């Protein structure tokens, strides 16, 4: 269906924004569902973000997905904040109703959804989260809420890891960055929530020989899909979960929030986005 003048509007806001895969994913779901709707990317400079969000809330726009660097701004201006967004300290979803701005964070649910889609039970053993930024906070929150028996944290700045633990996982075990390989002992799940692995950022190197062979390595990075972190883990026999699963998982509740229905099951979202990323591999 081609959009009409009555089309429902939603989008994604960030700076930069051209790299975002969300418009392609949402467009595929909109088409499959036969909706009269448009999902658009908005490149918004940081100094303009608050005014833009407030102005859009006064229109017929259903809401926005929020990416870097606006997640804290989105949280700060919201009239209503979900428990997840408040705990994580960032919002990746704004919905607009009756001029009010509601902030939520679907990154945590998206990560758990990615694990479950690959048959990974997050409760089966200790989890190691590498990093202490926004992605790490969402992932640690998700694992803690899911009842993971032990959460280990390691970050280049130990104080940032300690802040994350204080805020979200008080009983977490913190390992110095140079000693992060020790945290692999007995771990069931190892998650890269740093920017290492992004194209041009260098790889996150681990001594995977210390990890159990039935452990799973997961990466929040999806450009490239096969990071050195995942490739090296697979060479040592570990299962892997790439970053597309988290991206798709966080988009599903956003689509439902914007358009009132769940994404159509007939769209192979992973295959769609994988094909888009292949030229960069």
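Each residue's number is its place along the chain shown, starting with 1.
Heads up, the Cβ atoms here are built off N, Cα and C, so glycines get one too.
Feature annotations, reproduced from TrEMBL:
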ACT_SITE  71  active site, proton acceptor
BINDING   20, 21, 22, 67, 92, 107, 222, 250  shikimate binding site
BINDING   131, 132, 133, 134, 135, 243  NADP(+) binding site
DOMAIN    12-93  domain 'Shikimate dehydrogenase substrate binding N-terminal'
DOMAIN    127-195  domain 'Quinate/shikimate 5-dehydrogenase/glutamyl-tRNA reductase'
DOMAIN    243-272  domain 'SDH C-terminal'
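The separation of residue 20 (shikimate binding site) from residue 135 (NADP(+) binding site), Cα to Cα, is 16 Å. Helix, strand and coil counts from DSSP across the domain 'Quinate/shikimate 5-dehydrogenase/glutamyl-tRNA reductase' (127-195) read 32 helix, 17 strand, 20 coil. Cβ environment of residue 131 (NADP(+) binding site): 155, 192, 193, 194 lie under 8 Å away, each six or more residues apart in the same chain. Summary of the shikimate site environment: with the site residues 20, 21, 22, 67, 92, 107, 222, 250 set aside, the chain residues having Cβ atoms within 8 Å of the Cβ mean position are 12, 65, 247, 251.
The 10 Å shell around the Cβ of residue 135 (NADP(+) binding site) contains 23 further Cβ atoms across the protein chains shown. Cβ neighbours of residue 71 (active site, proton acceptor) (same chain, under 8 Å, six or more residues apart in sequence): 90, 91, 92, 134. It is 92 that, of the binding-site residues 22, 67, 92, 250, has its Cβ surrounded by the most other Cβ atoms within 10 Å.
Here the binding-site residues are 133, 134, 243; the one with the fewest Cβ atoms within 10 Å of its Cβ is 133. For the binding-site residues 21, 132, the greatest number of Cβ atoms within 10 Å around a candidate Cβ is found at 132.
In the three-state DSSP scheme, residue 20 (shikimate binding site) is classed as coil.
Just so you know, the Cβ of residue 107 (shikimate binding site) picks up 28 other Cβ atoms within 10 Å once every protein chain is counted. Within its own chain, residue 20 (shikimate binding site) has 12, 14, 41, 67 as residues 6 or more apart in sequence whose C-beta sits under 8 angstroms from its own. For the pair formed by residue 22 (shikimate binding site) and residue 132 (NADP(+) binding site), distance between Cα atoms is given as 24 Å, rounded to the nearest Å.
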